Amino acid sequence: MSWWATAPAFASTVLVFFGPGLLVLAAAGVRRLSLAALSAPLSMTIGSCLAVVLPFVGVAFNPVSYLVFTLCLAAAALLARRLLLRNDSAGLAPVRRFGDLALVDNQAMPREGLPRWITRLLVPVAVAFPAVIIGGRYIAGFGAPENFSQTFDNVYHLNAIKHIAETQNGSALSLGNLTEASQAFYPAAMHDLMALVVMMTGTSVPVAVNVGTIVLGALVWPLSCVFLISRVIGYRPIPLLAAGVLCAGMSGFPYMMVAFGVLYPNHAAIALLPAALGLVVEALGMTPGRRRSFSVSAGLLAVAVVPGLALAHPSTLLALLAFAGPVVAARAVREFQGRRGGTGERSRPVLWGILFVLYAGVTLVAWLKVRPSLAFAPWTPFQTNARAIGEVLGSAPMGATTAWVLLILTVAGIYVAARQFRDMWWILMMFVIGGVLYMIVSSWSLGWFRTFMTGVWYNDSFRLAALLPVVTLPLAVLGAEWLTGLLRRIGKPRTAEEPAGGAGTSPVARTRRAVSGITSSPITAAAVVLVLGVGTQGGTLSGVQTRMEEVFALEEESPLLTTDELALLQRVPDLVPADGVIVGNPRTGASLVYALADRRTVAPHIFGDRTDAEQTLLDHWDEAGYNVSVCDDITREGALWALDFGDQEIVPGDEPYIGLRALEDGSAPGISLVAEEGDARLYRVDACTES
């Protein structure tokens with residue numbers, strides 16, 4: 001299959017990921033960058049929350065219900081806006097700002113010396129630049145559209161999407177480990193939207209996952225980053241352009257979450273995180289040039305996108321709370337400073353102080369409660385504090401090659417923030433929080449404090465490394481803007497120093513004026529930013545790119561599914577009836593028969609609770625020829641088939657699946673070999689069907 005053949009899947013994915021949010025936000029009056037950047041986060045909320053609610057009212061989760069619910073929300077938003085505007089015509093002036101959701105970018109971007117046509121194209125270029133780079137890297141890493149990550153977590157993710165598409169139930173409250181016996185909470189937002197694409201197009205699960213991953217990394221992430229910078233640094237040309245071009249050059253995200261794990265839920269959630277953080281900044285009135293007490297519209301939008309963020313992955317909600325802490329503190333400090341300066345109401349500093357204390361308390365409670373079991377947190381520290389600090393500054397986590405361009409820009413950004421510490425200390429603190437968390441998880445000794453600080457992320461350095469770009473980007477953009485400004489100041493003509501007597505017309509003077517005109521041009525500054533973006537594509541990304549290509553490669557000795565095993569799975573639909581159930585060891589990849597061959601399996605995930613009958617099949621299926629109780633369970637479950645993929649497991653287990661042990665040597669009576677590809681075999685029970 002060629003990538004060109006995935007065009008319908010790409011179109012459907014963009015529609016599913018952006019369409020509902022775009023429609024609702026447009027009806028509410030959101031425009032420009034906010035409309036584009038917030039559509040996907042809001043769509044994630046709409047889809048994931050709808051999937052949770054629908055089972056309670058007995059309605060299927062599918063493209064039709066998704067569309068109907070979206071239209072209802074859009075109609076409600078439009079009606080509310082019309083009512084508010086009608087009240088405005090009656091003299092309620094403040095309502096108009098709320099009704100139009102007057103965000104920072106509802107007005108045109110300041111030109112700052114650039115031609116109008118350039119300012120109009122600037123945001124599209126800022127998004128298109130990383131979209132091409134990230135999308136190209138993903139396509140190169142994936143290889144073919146139908147390839148899939150040969151990693152441990154992918155057994156679950158592929159089968160979860162298949163499960164949602166088949167059952168039309170995508171509730172995060174019950175997705176669990178994909179069986180009735182193991183129903184529990186699992187963040188399903190990403191799986192829900194990708195399952196909708198499968199239902200709409202009929203495309204295979206791996207293709208839907210790869211296309212969805214590209215859309216999240218190459219479109220949602222850059223839009224989210226540009227939005228964040230518009231709120232933290234300002235809605236100005238150079239910062240927005242820098243945000244776009246630099247967000248494609250950080251190995252920590254988006255590439256690492258696809259090369260490791262594979263951590264698709266984290267990949268989806270972190271792609272939304274900058275937009276959510278930007279909304280918090282604006283809601284608290286901390287956006288440069290738009291200082292006010294509180295933005296109701298931004299606050300409402302923040303509330304609207306947080307559920308999607310949490311249902312994509314709860315740990316990212318904790319990251320949002322941590323990174324937003326300095327913003328809340330800065331807002332409170334500003335109120336106290338204003339009061340000391342003789343401005344502002346007397347009660348407001350106290351109110352904001354109380355709000356900060358409450359915020360800290362809520363964050364602490366969430367930090368303690370929203371964390372996984374440590375039974376699934378085996379990761380240990382592996383480096384020194386000094387190396388961890390260097391990796392944070394150099395945007396080179398997990399041993400990547402130092403990103404020298406980003407290192408220079410980050411240090412320059414730290415310098416700028418330190419020079420304007422009164423106004424920018426909270427930007428520095430966000431960076432410090434992200435860096436300290438990564439340093440603790442990767443270099444501090446095992447113990448209660450490390451677990452308290454990083455247990456939310458399974459004590460996993462990879463997951464915390466992926467958060468670093470979110471808090472590094474504002475400083476890198478500050479550095480880029482400062483360097484381009486320095487270039488313009490250096491090149492600015494110094495007419496006062498021109499000698500008298502027409503010497504200014506000499507060839508040297510004319511050359512100097514020409515060079516000055518070029519270097520001081522805002523167009524040159526924009527070009528420099530683009531060059532910096534290209535410079536970030538050097539060696540720092542080579543390691544993670546190579547890793548991505550390795551984990552998606554299908555080879556004779558691939559760790560999850562070999563070429564022979566996949567070839568046998570592709571034959572299964574012709575050999576096993578549609579209602580057949582297959583027994584297999586999920587650690588060998590046999591359970592992917594569900595996602596790849598559309599046949600149910602007893603153990604769709606490596607983990608999970610099993611019913612007594614399911615456990616009997618996994619432990620004793622090969623005894624069907626002489627164990628009557630096993631035959632009863634086989635008949636009841638319809639599990640007449642078994643896949644034997646040998647002993648190679650993606651992750652060794654303490655309790656091997658022994659019910660297939662006697663198949664390879666042919667010693668199991670009443671069982672016949674149906675098909676084989678290399679060492680991969682499909683068996684069928686004959687004993688239980690004999691009269």
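Every residue gets a Cβ built from N, Cα and C, even glycine.
The transmembrane segment feature in TrEMBL is assigned to 6-28, 35-57, 63-80, 121-140, 207-229, 241-262, 268-287, 294-312, 318-337, 349-368, 401-418, 464-484 (among others).
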*Counting only pairs at least 6 apart in sequence, do the transmembrane segment (63-80) and the transmembrane segment (121-140) share 3+ Cβ pairs under 8 Å?*
no
*Grab the same-chain neighbours of the transmembrane segment (349-368) for me: Cβ-Cβ under 8 Å, and only residues 6 or more beyond its ends, written as numbers and ranges.*
317-318, 321-322, 325, 328-329, 331-332, 335-336, 338-339, 452, 456
*asked:* I'm a bit unsure how to read this: which one of 6-28, 35-57, 207-229, 401-418 has the highest number of Cβ pairs shorter than 8 Å with the transmembrane segment (464-484)?
replied: 401-418
*Report yes or no: does the transmembrane segment (35-57) come within contact of the transmembrane segment (268-287), defined as 3 or more CB pairs under 8 Å with a sequence separation of 6 or more?*
yes
*Do the transmembrane segment (121-140) and the transmembrane segment (6-28) come close, with at least three CB pairs under 8 A (pairs 6 or more apart in sequence)?*
no
*Please indicate, using numbers and ranges, the residues of the same chain that are 6 or more beyond the transmembrane segment (401-418) and have a C-beta under 8 Å from a C-beta there.*
246, 249-251, 390, 393-395, 424-425, 427-428, 431, 472, 474-483, 532, 535-536, 538-540, 542-543
